[in-house]
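Look at Swiss-Prot and you will find 46, 53, 54, 55, 99, 102, 107 tagged as ATP binding site, backed by sequence analysis. Per Swiss-Prot, Mg(2+) binding site is recorded for 199, 213, and the stated evidence type is sequence analysis. What Swiss-Prot records for 264, 321, 322, 323 is substrate binding site. The annotation domain 'ATP-grasp' is assigned in Swiss-Prot to 9-244 on the grounds of sequence analysis.
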């Protein structure tokens, strides 16, 4: 689960971090009034969506004219913003963030992630703020400095000072940076973050550290113990199919291909997508029905896959460990009959009751293409998607 920038900054403020005064507005009139309340003669207005690249897409504007704020809000509210991180439909804009304008002398980067390699929370800092950190990591990795947080001792001020020294901060800025670092580390642990970014973390003309942006991703598995964070969820930013799948405990991610995939197990699902790609196809989705799949969940998975008009063929790849292949076969048959599937369906069953599952499919009278191996399944589904 992701938070909007205005929500992230509200959390920053709760932990004593320096942020700009700002208001998230639902209407153009509110945006104009917010600028008046903030005061000053320059403001920044930003579309609130769960995607980066807003500035290049026209979703951020710096202005000293309140009528331009009104025009910006009227233009974007209720529309979709398309950036390089969204699909072609973009993300809906329901709020506009109006903030005071901050003078910038230098831009830095500060972020944290749960790193699987070290099994620790790792903070990253760089002098290359204001640009995509992935680009910095690829082109100039030596400019990214790290601090690994020991879960037993927690974050330490010396780690902040070490990062600050590498960023070239002066003693006053070092104290401010240490406060920001310690606050973010506590926030990360308190609220079960999976990702945190301030890009850019700026040094103002007065020489002060300031959080100019905020990006937060929450570990979805921890939401049951984070009611405050859970209430911040904006369902309008979710893919409708992904949100629907979650209700049935299906792990679904929409992609842009034409081969629908239904698999049990995340690893097998990724392997299935890889082999479809290897044989010239493009997966339309990632869908893991899980080890405890039922006939109802399989039927619902079919409905979700087929709700994508780009899907030209469906590959069902099931390895029966916990789940029984004959039960999956019955679910497939029920789904095909209920939904009225009009695209080719390729099925590969292995494991518990696999032979029985194949017999169930063979005796169903439905036009289902059986596959003997994963390679055979990939070849057949790619050919079917191409109409061969």
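Just so you know, glycine gets a Cβ as well, placed from its N, Cα and C.
Projection of Swiss-Prot feature records onto the structure.
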{"residue": "46", "record": "ATP binding site", "DSSP (3 states)": "strand"}
{"residue": "53", "record": "ATP binding site", "DSSP (3 states)": "coil"}
{"residue": "99", "record": "ATP binding site", "DSSP (3 states)": "strand"}
{"residue": "107", "record": "ATP binding site", "DSSP (3 states)": "strand"}
{"residue": "199", "record": "Mg(2+) binding site", "DSSP (3 states)": "strand"}
{"residue": "213", "record": "Mg(2+) binding site", "DSSP (3 states)": "coil"}
{"residue": "264", "record": "substrate binding site", "DSSP (3 states)": "coil"}
{"residue": "322", "record": "substrate binding site", "DSSP (3 states)": "coil"}
* **Entry from the binding-site residues list 102, 199, 264 having the most other CB atoms no farther than 10 A** => 264
* Structure fact -> Rounded Cα distance in angstrom between residue 322 (substrate binding site) and residue 53 (ATP binding site) is 43
* Determine the most Cβ-crowded residue among the binding-site residues 322, 323, using a 10 Å radius around each Cβ and all protein chains in the structure. => 323
* Asked: Near residue 107 (ATP binding site), how many other Cβ atoms are within 10 Å of its Cβ?
  -> 17
* How many Å lie between the Cα of residue 213 (Mg(2+) binding site) and the Cα of residue 46 (ATP binding site)? -> 11
* **Extent of the substrate binding site in Å [max Cα distance among 264, 321, 322, 323]** => 10
* Find the longest CA to CA distance in the recorded ATP-binding set 46, 53, 54, 55, 99, 102, 107; express it in Å as a whole number. => 20
* In the structure shown, with every protein chain counted, which of the binding-site residues 46, 54 has the densest set of Cβ atoms within 10 angstroms of its Cβ? -> 46
* Structure fact -> Students should find that the Cα atoms of residue 107 (ATP binding site) and residue 323 (substrate binding site) sit apart, in Å rounded to an integer, by 52
* Restricting to the same chain and to sequence separations of six or more, state which residues have a Cβ under 8 Å from that of residue 53 (ATP binding site). => 83, 84, 85
* From the binding-site residues 54, 55, 102, pick the residue whose C-alpha lies nearest to the C-alpha of residue 323 (substrate binding site). => 54
